[in-house]
Amino acid sequence: RPFHVEPTNIVSVNDDMQRVTDEASAMNKRIHYYSRLTSPADRALIAPDHVLPAPDEIYVYSPLGTAFKVDACTDGYGKNSSLVTIFMIWNTMMGTSILSIPWGIKQAGFTSGIILILLMGILTLYCCYRVVKSRQMISLIDTSNWEFPDVCKYYFGSFGQWSSLLFSMVSLVGAMVVYWVLMSNFLFNTGKFIYNYVHDINVTDIVPGTNGSNKVICPSAASGHPPQNRSVVFSADNITGFTLFERWWDKSQTVPFYLIAVLLPMLNLKSPSFFAKFNVLGTVSVVYLVFLVTVKAAHLGIHLEFNWFTENEFFVPEFRILFPQLTGVLTLAFFIHNCVITLLQNNRNQENNVRDLSIAYFLVGLTYLYVGVIIFASFPSPPLSKECIEQNFLDNFPSDDIMSFVARIFLLFQMMTVYPLLGYLARVQLLRQFFGNAYPSLLHVLALNLAIVGAGVAMARFYPNIGGIIRYSGATCGLAFVFVYPSLIYMISLHRAGQLTWPALITHIFIILLGLANLIAQFLL
């Protein structure tokens, strides 16, 4: 007897089969993409309990120092809603640059700084569009698992492959050096706070600052004073212990070396999967920084005076010749171009990619603007000059400030968990290119890690200026991934299609020249 199936049931079965097929396809694409980052024998990025624990879990890594996992995709089939996609992009871009934005605004001038944040956000967003479009303009080849470095290799051959590797390493190692400087800073201030609290020691450094419960200090103004110039109140029994602590707990002389004992063994691990579990702290840290900035501004009030081109004792001009220092920082602050394709290809509604990317950039720019403007505007001038704003704005709060202490603890722990992930990415990209294996031997890995750690220690020891490090590395890697490659690839694609026009040619050549000028200016100012 013939088996009768209702048409509606056929449709239901077909839909279910299609959903299963879509799920398997999405999983295969993601597994294939991550597996290409390592050798076949290295399962670190392939194992289900690491990068792809389940269809509803995704890890996203960024050279900015962010490692992020989405625990629940709304449809359960390896695709994200627009809200999750927007949050992933925002979270990936929010890195250490946020600590230097107020300093960058000070270097550029208040009005100039606001304008530059808006313009750099628009420019880097446009270049990000070009990155996403670059893969779509390649026909007759399966590019579903490609990222932007793969596109560079397609258009420029081995030069594109090796140059993209070079600039990726610049961004990764630059982020790791900034992390080491910041971790040394946070560890020093945290240890100092705990020691003074436990031993009931009241130390008043000879540093200009405000009075009251919400004290703001100007460390750069005290750089000429010897460390002995301070008022210390403690019992006679604690004198020897305090002197010994001061000797062995120094921000640049000793603390950067103490971190080696903790972080170097972590870097040598074959898989960093354990540390990825803690990276929700990155989001918590940013939210807490926004809260800290709001509370401090509410207590300090607004201190602004508009001097358009002249500088006085307490305020800086609205427009300053040092503005490229801010554009260098912003190039890295808005940098997501080498991993944006992966982030967007998991969006459930691909037609919303442009909208979601625009919203994410808007939120990132809004966050930078809020933190930068509020810190600059609320900085107490007078009695302090706006020139006192530090490259890490947390340094403008003393080590015994409770809210700043909590922020440093959050950031220290978050950075110590992200640092091994960045080291792993550097190892995968570099060693696999040269040896075909991300872990050729312990000796190879140890040599690479010693070089990276040595760079971080040297910078923390001799050049602990995170604003300078961020702007140099940002302008360097941004020249390739933000300005040059997206523009060149777009012009080549239009030329091959016979659609290249003079306005498009002039516009994208101008963008390339802007990136080049941005890099050159970092070394002149």
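Here the Cβ of each residue, glycine as well, is placed from N, Cα and C on the backbone.
The model shown is predicted, which means the values in this text are computed figures rather than measured ones.
As annotated by TrEMBL, domain 'Amino acid transporter transmembrane' applies to 81-193 (among others). Counting residues per DSSP class in helix, strand and coil order gives 97 helix, 0 strand, 16 coil for the domain 'Amino acid transporter transmembrane' (81-193).
As annotated by TrEMBL, transmembrane segment applies to 83-103 (among others).
Listed as Cβ neighbours of the transmembrane segment (109-129) (distance under 8 Å, sequence separation of 6 or more from its ends, same chain) are residues 101, 304, 306, 308, 316-320, 323, 326-327, 330-331, 334-337, 340, 354, 357-358, 361-362, 364-365, 368-369, 372-373, 376-377, 482-483, 486-487, 511, 514. Residues annotated as transmembrane segment in TrEMBL: 109-129 (among others).
Annotated transmembrane segment per TrEMBL: 162-182 (among others), in sequence order.
Positions annotated as transmembrane segment by TrEMBL: 253-269 (among others).
Per TrEMBL, the feature domain 'Amino acid transporter transmembrane' maps to 253-520 (among others).
Residues 66-68, 91, 94, 98, 213-214, 216, 367, 370-371, 374-375, 377-380, 397, 403-404, 406-407, 410-411, 413-414, 417-418 of the same chain lie 6+ residues outside the transmembrane segment (281-302) yet bring a C-beta within less than 8 angstroms of a C-beta in it. Here TrEMBL flags 281-302 (among others) as transmembrane segment.
The annotation transmembrane segment is assigned in TrEMBL to 322-344 (among others).
The transmembrane segment annotation in TrEMBL covers 356-377 (among others).
With a cut-off of 8 Å between Cβ atoms, the residues of this chain six or more beyond the transmembrane segment (402-422) that come close are 61, 63, 65-67, 172, 175-176, 179-180, 182-183, 185-187, 189-190, 193, 262-263, 266-267, 269, 272, 275-276, 278-279, 281-282, 284-285, 288-289, 292, 295-296, 394. Residues or ranges marked as transmembrane segment by TrEMBL: 402-422 (among others).
The transmembrane segment annotation in TrEMBL covers 442-463 (among others).
Per TrEMBL, the feature transmembrane segment maps to 469-492 (among others).
Outside the transmembrane segment (504-524) by six or more residues, the chain places 123, 127, 324-325, 327-328, 331, 471-472, 475-476, 478-479, 482-484, 487-488, 490-491, 494 with a CB less than 8 A from a CB of the stretch. According to TrEMBL, the transmembrane segment annotation covers 504-524 (among others).
Ranked by Cβ pairs under 8 Å to the transmembrane segment (356-377), the stretches 83-103, 253-269, 322-344, 442-463, 469-492 are led by 83-103. If you look at the transmembrane segment (83-103) against the transmembrane segment (253-269), you find fewer than three C-beta pairs under 8 angstroms, all six or more positions apart, and that falls short of contact. Ranked by the number of CB pairs under 8 Å to the transmembrane segment (253-269), the listed stretches 162-182, 322-344, 442-463 are led by 442-463.
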